[in-house]
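As recorded in Swiss-Prot, the features of this protein are as follows:
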- Glu168, Arg212, Ser356, Arg360: L-aspartate binding site (BINDING)
- Arg212, Ala213, Glu214, Arg220, His221, Leu222, Glu353, Gly401, Ala402, Glu403, Arg404: ATP binding site (BINDING)
- Glu353: Mg(2+) 3 binding site (BINDING)
- Glu353, Ser356: Mg(2+) 2 binding site (BINDING)
- 190-193: region 'Aspartate' (REGION)
- Pro83: site 'Important for tRNA non-discrimination' (SITE)
Amino acid sequence: MRVYTADVKPEMEGQKVTLYGWVHEVRDLGGLVFILLRDREGIVQITLPRKFVSKQVFKLAKKIRRESVIAVTGEVRREEKAPGGVEIIPESIEVLNEADAPLPLEVTEKVPAELDTRLDHRFMDLRRPRVQAIFRIRHQVMQSVREFLSEEGFIEVHTPKIVSTATEGGTELFPISYFEKEAFLNQSPQLYKQVLMAAGFEKVFEIGPIFRAEEHNTTRHLNEAISIDIEMSFTDHNGVMDVLERLVQRVYEDVAEKCERYLGWLEVSLEIPELPFPRITYDEAREIAARKGEEIPWGEDLSTNALKLVGEEMGGLYFITDWPTESKPFYAMPYEDRPEISKSFDLMHGWLELSSGAQRIHLYDMLVESIKAKGMEPESFGFYLEAFRYGMPPHAGWGLGAERLIMSMLGLKNVREAVLFPRDRHRLVP
């Protein structure tokens, strides 16, 4: 019966096991050959002393190529110097598929490679244990998100990704051919989430792709990303901030508990964030930046440099709240007594924005005026606006970038490292 490398323990000494995997490395010392076999769970040492294995197996081991796929059946022995404290003395080795040489990428990471080179040969890059660890952790992150939101009473939904209207206005849209009509890839599930509040769902969440034709080509931008979105009725921005910070804390706790081995591969030690996360207003963030030499005119978005200065002072996870109404989308609710300020927030990790959210405008007339104030035509939002005429409850929500959450949690230098096959301004293949 097949076992994974991580399941082979010293206390199994004398037992016969079968393993499948890739040849990570071969060391030929003449009368002694070592093969490191790698599967998705780790690496185990296959030891072939000439005197204790068959001539056929020994001969095969000497000529086997790295990254070939093999099956090994043999006896478990204790060996403190070997990975995991065990080795396998094989009675048989079968080459299931031989790899070509030379390899397009060095899986052992002895030879460093630029990220672009790694992405060009992504299938090979993904074999690296450190890279696999990122995606095992990502799997746990998404599982924890679903479990937490389901426990909180949210209903998972899936909204259209082909739309006829820009969610947030602007030109960051990918046009597509949709029979005889003009259509776009959706920037966000925002409009549909809000319509579902009018439908009486009260609490919804979606985990799905978003598409933004942004010109930015930075270490934190993607043109296709996975967004974790919620919308919640009968609450305000403070209510959904509470959900967000508890969700993030739960994700950290679950990853720390269930992904200890993969965190070890990445040499990452997770610190569980404490609740509540610190909160500062937009004005306070401007003051911090100004004190450190970066002046931001009121009403403008905070520059990258300003956010870095604020992040240096705040550290870790924190909220920036009460943004200028004009800097947020048309659906953000302004304060009644200060209409120039919106009931909105961004969740930051250092200088990196992870999430953006707000209480939404739920009053039809106010929403129409807000759309007009942004220079858009209410007629373009017909299906959306109709939902506000027949009993739309007060509601709030947010969108959280899955890749940015993982990037910041693991200290990755580039958000593309958290995506299997990233899409950016210059990359459409693989």
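Cβ atoms are placed via backbone N, Cα and C, with glycine included.
Shown here: features listed in Swiss-Prot, placed on the structure.
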{"residue": "Pro83", "record": "site 'Important for tRNA non-discrimination'", "DSSP class": "helix"}
{"residue": "Arg212", "record": "L-aspartate binding site", "DSSP class": "coil"}
{"residue": "His221", "record": "ATP binding site", "DSSP class": "coil"}
{"residue": "Glu353", "record": "ATP binding site", "DSSP class": "strand"}
{"residue": "Arg360", "record": "L-aspartate binding site", "DSSP class": "strand"}
{"residue": "Ala402", "record": "ATP binding site", "DSSP class": "helix"}
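Take the Cα of Glu353 (ATP binding site) and measure to each of the recorded positions Pro83, Arg212, Arg360: the nearest one is Arg212. Within the same chain, residues at least 6 positions away in sequence whose Cβ sits under 8 Å from that of Arg212 (L-aspartate binding site) are Glu172, Gln187, Asn223, Ala225. Looking only at Cα atoms, Pro83 (site 'Important for tRNA non-discrimination') sits nearest to Arg404 among the binding-site residues Glu214, His221, Arg404. Annotated pair Arg360 (L-aspartate binding site) and Ala402 (ATP binding site), C-alpha to C-alpha distance, rounded: 22 Å. Counting every protein chain shown, the Cβ of Glu214 (ATP binding site) has 16 other Cβ atoms within 10 Å.
Within the same chain, residues at least 6 positions away in sequence whose Cβ sits under 8 Å from that of Arg404 (ATP binding site) are Arg220, His349, Leu352, Glu353, Leu354, Val415. In the structure shown, across all protein chains, Arg360 is the one of the binding-site residues His221, Arg360 with the greatest number of other Cβ atoms within 10 Å.
The ATP site in the record is lined by Arg212, Ala213, Glu214, Arg220, His221, Leu222, Glu353, Gly401, Ala402, Glu403, Arg404, and its two most distant CA atoms lie 18 Å apart. Per-residue pLDDT, averaged over the region 'Aspartate' (190-193), rounds to 97.
Note: the CA-CA distance between Ala402 (ATP binding site) and Ser356 (L-aspartate binding site) rounds to 13 Å.
The separation of Ser356 (L-aspartate binding site) from Glu214 (ATP binding site), Cα to Cα, is 17 Å. Taking Cβ-Cβ distances under 8 Å and a sequence gap of 6 or more within the same chain, the neighbours of Ser356 (L-aspartate binding site) are Ser344, Phe345, Asp346, Leu347, Trp398, Gly399.
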